[in-house]
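To start, the structure under review is shown below, and the notes come after it.
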C-alpha cells in the first residue's frame, strides 16, 4: 500500500465495514483534525491510555470536541496516524536490550519517512511523546543509517556534534547569560544581611 | 565548492530516541561518535552498551577484537609487520583499519594503542579478556606490548620460541 493511499486522514465512512468501528477525533496544535480508528490508536501507548481513561462512546466522539494534541503539528500528526493505520493490529515489539538492536525498515515506512530531516526530527519527537514503540524504532534507525560508512569527521558534520572546545564555549556562554541574575540574587542576599535578616527566605 | 551535507541534530532528540538511535547503529558507528568529544564519549558510556569479549591479538599484526551479544564483531588492525621489517614498537598508528559488518574502513588516528584500548574499555564496559601471542609475535617489541596492553585477565601463548615465551611470562607475571 502506498503512503498516499494509507487510510488515515478523513476516512471514507462508506469504506467502513457493516459492523460499526470505533473512531476517535484528534486535533493538532495547528487545528487540523484527524479521525483515527481505535485499532490504530493501540499502537500509541499514550493515546490508548488517554481514550481508555476518557471512556468515550461513538456519540461522544461526534458530539464532543476533538481531543487536542497540543505539541504536535498537523503535518507531523498526519504521518503518525498514517503509520498507525497501516500497522494497526500488529504486535508491539518488546525490547530485549540487544546491541546492536536489529531494526528493519519496511517499504511502507521507508516511503513514509522519505521526508526532510526537519520533519523526521518532529516525527521522532512525536513518536516518543505518543510512545509508539515501533515508529520510534524505525525512525531512529533511519537516523542511525545516516552514519553508515562515515568517518568520525563526517559523523560530526552529519549529526552536528560539537567538539570539546565548542562544548566549553557553550557552557561559558550559558554561565555568562545566567550571571546578571546570579549577581542580583547575591546583591539582594547581601542587602538583607546588612539589614539584619538571618534568612534569605 | 563545498559539499552539501544533510545534517541532523542528534543530541537534540529526546534521550530515549538518542539511545534508540545509538543502539541501532553498528558498533563501529557508535565508536566513531564516541571519539568526537568528552560529551559524546560519556553519552555512549552511559548507554551501557556492553561488549561480550575484548581480545588483543599479537601475530605479524596487532589486532583488537570486540564481540557483542548480537553477533556483530568489531575488529581493529593497528599494525602489520612483514618479516624483513625492524622490531615494531607500539605507538600511535597513523591509520587504523576497522572491519565491521562486512565493511572495511581506514580511519586516521590520533590515539596511541593504550589510549585506544582504554577508550574501548571505557565505552564498551569491558576489560581485556584475552591477550593472544601467536605466530610471528616476536616482530613486536614485547616491552611496548606490556606497557600498552594492561589489566589483562588471561594470556594465551600459542607459538613462538621458548626464549620469547619465557620473556612474555616473566614480564606479564610481574
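Cβ atoms are placed via backbone N, Cα and C, with glycine included.
Where the annotation comes from TrEMBL, it is an automatic prediction and has not been curated.
Annotation comment: TrEMBL describes A:26-88 as domain 'SKP1 component POZ'.
The domain 'SKP1 component dimerisation' feature in TrEMBL is assigned to A:134-178. Mean predicted confidence for the domain 'SKP1 component dimerisation' (A:134-178): the pLDDT average there is 92.
The annotation region 'Disordered' is assigned in TrEMBL to A:166-201.
Under the heading compositional bias 'Basic and acidic residues', TrEMBL lists A:169-194.
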DSSP-assigned states of the domain 'SKP1 component POZ' (A:26-88) in counts, ordered helix, strand, coil: 33 helix, 9 strand, 21 coil
